[in-house]
């Protein structure tokens, strides 16, 4: 564990946690290890740690680490077991100790749902409580988060240049694979000098300029009673399509009326539509037999 923490020390300070997945048979059947977080200030383990300098190393390391091994006594463990081991070790990082046997609410018997995920002995995942944190764990984790989260947690930001989606503040977004070679868009998701649009992001864009008017940008979709759509010549966006012509055949032999698909029974028979499930049809066939 300390070796892993030392190896990634340059990067560990910029993340909340770092976890190593390995296929190594450890002594005593150990499947996971982690430094335990604490709500106390100036502690080194778990989430949002302070720098730590060991006697053998002069450089700063961060003990916001844990590991999971998928090998146990020479055999590969099940995926669900590996998931539970990882959850257990992350629980330690977030400040949870092992559930004590002395507290029945935190280490219940099998007829009460079984042990929780932070029990000292690995749980199987076959009991209701195995995939959950006990009240003891939740209280410990809450205390840790209350005191540590502000040090390294940030509001989630879905705006990322390189995700192929034009987010607020971006002109374009070519995606990670083309961030440095897109003719219309820079690696900062801004238009290049003469570009008005991006071919990768807009249906009415051609060679970084607006596509000519009356160029078809969307085919008719009869199933939803929508007609074709054409570029305008002054925008890179494809306009919303108009309605398909009335009486265009749509879903299940229905017909389009004012942009909506009217079912066959209503149009042709002036009846109310219905649907039979497979079981009803089979029973009807058997009844006729």
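Heads up, the Cβ atoms here are built off N, Cα and C, so glycines get one too.
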Worksheet entry | One of 98, 127 listed by TrEMBL as binding Zn(2+) at the site of 88, 92 | 98
Worksheet entry | Conformational class of residue 88 (Zn(2+) binding site) under the three-state DSSP mapping | helix
Worksheet, complete the sentence: Counting other CB atoms within 10 Å of each candidate's CB, the least crowded of the binding-site residues 88, 92, 98 is 98
Practice prompt. Please work out the number of neighbouring Cβ atoms within 10 Å of the Cβ of residue 89 (active site), leaving out its own Cβ.
Written response: 23
Worksheet item: Can you list, in sequence order, the residues of the same chain other than 88, 92, 98 whose CB lies within 8 Å of the CB centroid of the Zn(2+) site?
Response: 32, 34, 36, 89, 91, 96, 97, 117, 118, 120
Practice prompt. May I have the DSSP-based helix, strand and coil counts for the residues of the domain 'Disintegrin' (158-246)?
Written response: 6 helix, 14 strand, 69 coil
Response to the item:
Here the Cα-Cα span from residue 98 (Zn(2+) binding site) to residue 89 (active site), rounded to a whole number of angstrom, reaches 10
